[in-house]
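Undergrad: Handing you this structure, nothing more for now.
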Amino acid sequence: MTGCCTVLGAFLFEYDTPRIVLIRSRKVGLMNRTVQLLILAYVIGWVFVWEKGYQETDSVVSSVTVKAKGVTMTNTSKLGFRIWDVADYVIPAQEENSVFIMTNMVITMNQTQGLCPEIPGKTTVCETDANCTAGSAGTHSSGVSTGRCVSFNGTLKTCEVAAWCPVEDDTEVPKPAFLKAAENFTLLVKNNIWYPKFNFSKRNILPNITTAYLKTCIYDAKTDPFCPIFRLGKIVESAGHSFQDIAIEGGIMGIQIKWNCNLDRAASFCLPRYSFRRLDTRDLAHNVSPGYNFRFAKYYRDLNGAERRTLIKAYGIRFDIIVFGKAGKFDIIPTMINIGSGLALLGVATVLCDVIVLYCMKKRYYYREKKYKYVEDYEQGLGNQMDQ
């Protein structure tokens, strides 16, 4: 109890004040100046020069539109001679900040609703009707089972299903890609940005770009770094991949547009920087369900009025346009805050030197004696002298 009262009394009735002691030591003095110089280098070099701590910052607000161009032709036994333009391979026609280009497909023509044998598989191959469950429809089935085992071909039987017949067979994906010429198609990316805090806006089609230039330029990191028209093959190759490989099974590519603007300089120095990467990077050691694909159908009626459709399983590349960046402009408030923080950090040099001098050096006890001085209450000492 006495110890607690002593500690409490010391806490309530004692006061600490800094004492300035000049220590003439080359070692300690050099260390103090070195730490101060390092702190100054950090504040000036990193905070103010590199990180621009004197600026107020704002994040970019962006809108993107994409227009694809390119025409190719195919000549196959199933489709015959056919021309493919933008309306055929861009699905859907408009997306938000992205565009899908179909490069490969599995097509099933002239489907109509009826009864037909299922595609052979672990759960669909049968010998008798007992192997088929009527009314069942598995996750991967093409329709609803009728419970009958019917001939698929001359040597194999499968369960019959009520479905769009004939059912799709996607076991063999075309190689090379059906629209392998798509690597020469182009994308025109229009990007408008806005920094609301500074009321600053700009677009990636720069003021010096003319209509004539826009009709002929293709983006190249060295020769045409600000051309907003990109060749599909070049995008994929810039990300370190082969276009023909991705075109077979599909994939997702990112077109990254970086806007980092120093608004203390002229607006002409605020320029877009483009980079590319694959967003669905494949793990070769775990290659399960690779690529990107989906199905859609085109419906029509034949001469007899029966409803039919052409089912297309489309493989392709989805290009996502990702816009990011920030802008900075001088403001007195962050400037003063960082100057104050820098001055406060200079106190670290004193604290570090105190720790070394008072606890690490050989003469630490001598320095402690000079650093700390204990003074009794003057009024209490004067009262004791008068009593005597």
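Each Cβ is built from the backbone N, Cα and C atoms, and glycine gets one as well.
TrEMBL entries are annotated by machine, without manual review.
What TrEMBL records for 30-50, 339-361 is transmembrane segment. As annotated by TrEMBL, ATP binding site applies to Lys67, Ala68, Lys69, Thr186, Asn293, Phe294, Arg295, Lys313. Look at TrEMBL and you will find Cys116-Cys165, Cys126-Cys149, Cys132-Cys159, Cys217-Cys227, Cys261-Cys270 tagged as disulfide bond. The N-linked glycosylation site annotation in TrEMBL covers Asn184.
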Undergrad: Work out how many Å separate Cys165 (disulfide bond) and Lys67 (ATP binding site) at their Cα atoms, rounded off.
TA: 36
Undergrad: Which has the fewest other CB atoms in a 10 Å radius around its CB: Cys116, Cys132, Cys165, Cys261, the listed disulfide-bonded residues?
TA: Cys165
Undergrad: Is the transmembrane segment (30-50) packed against any residues at least 6 beyond its ends, judged by a Cβ distance under 8 Å, and which are they?
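TA: That would be 338, 341-342, 345-346, 348-350, 352-353, 356.
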Undergrad: Between the binding-site residues Lys67, Lys69, Arg295, Lys313, whose Cβ has more other Cβ atoms within 10 Å than any of the rest?
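TA: Its Cβ has the most other Cβ atoms within 10 Å: Lys313.
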Undergrad: How many whole Å apart are the CA atoms of Arg295 (ATP binding site) and Cys227 (disulfide bond)?
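TA: Counting only the Cα atoms, the answer is 34 Å.
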Undergrad: Would you kindly give the Cα-Cα distance separating Cys126 (disulfide bond) and Cys227 (disulfide bond), rounded to the nearest Å?
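TA: Per the Cα atoms, Cys227 (disulfide bond) and Cys126 (disulfide bond) stand 60 Å apart.
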Undergrad: Of the binding-site residues Lys67, Lys69, Asn293, which one sits closest to Cys159 (disulfide bond) when you measure Cα to Cα?
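TA: For Cys159 (disulfide bond), the closest Cα among Lys67, Lys69, Asn293 is found at Asn293.
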Undergrad: Measure from the Cα of Lys67 (ATP binding site) to the Cα of every one of the recorded positions Cys116, Cys149, Asn184, Cys270, then give the nearest.
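TA: When the Cα distances are compared, Asn184 comes out closest.
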Undergrad: Among all protein chains shown, how many Cβ atoms are found within 10 Å of the Cβ of Cys126 (disulfide bond), not counting that one?
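TA: Other Cβ atoms found within 10 Å: 22.
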Undergrad: Of all the recorded positions here, Ala68, Cys149, Cys159, Cys217, Cys227, which one's CB has the most other CB atoms within 10 A?
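TA: Counting Cβ neighbours within 10 Å, the top one is Cys159.
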Undergrad: For the ATP site as recorded (Lys67, Ala68, Lys69, Thr186, Asn293, Phe294, Arg295, Lys313), determine the largest distance between any two Cα atoms, in Å, rounded to the nearest integer.
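TA: Among the residues the record ties to ATP, max Cα distance equals 24 Å.
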Undergrad: Report, in whole Å, the straight Cα-to-Cα distance of Thr186 (ATP binding site) from Cys217 (disulfide bond).
TA: 11
Undergrad: Sort out the sequence-distant neighbours of Cys270 (disulfide bond) for me: same chain, 6+ apart, CB within less than 8 Å of its CB, listed by position.
TA: Phe200, Lys202, Trp259, Cys261, Asn262, Leu263, Ala327
Undergrad: Out of Cys116, Cys126, Cys132, Cys149, Asn184, the recorded positions in the record, which is closest to Lys69 (ATP binding site) when you go by Cα distance?
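TA: Of the recorded positions Cys116, Cys126, Cys132, Cys149, Asn184, Asn184 has its Cα closest to that of Lys69 (ATP binding site).
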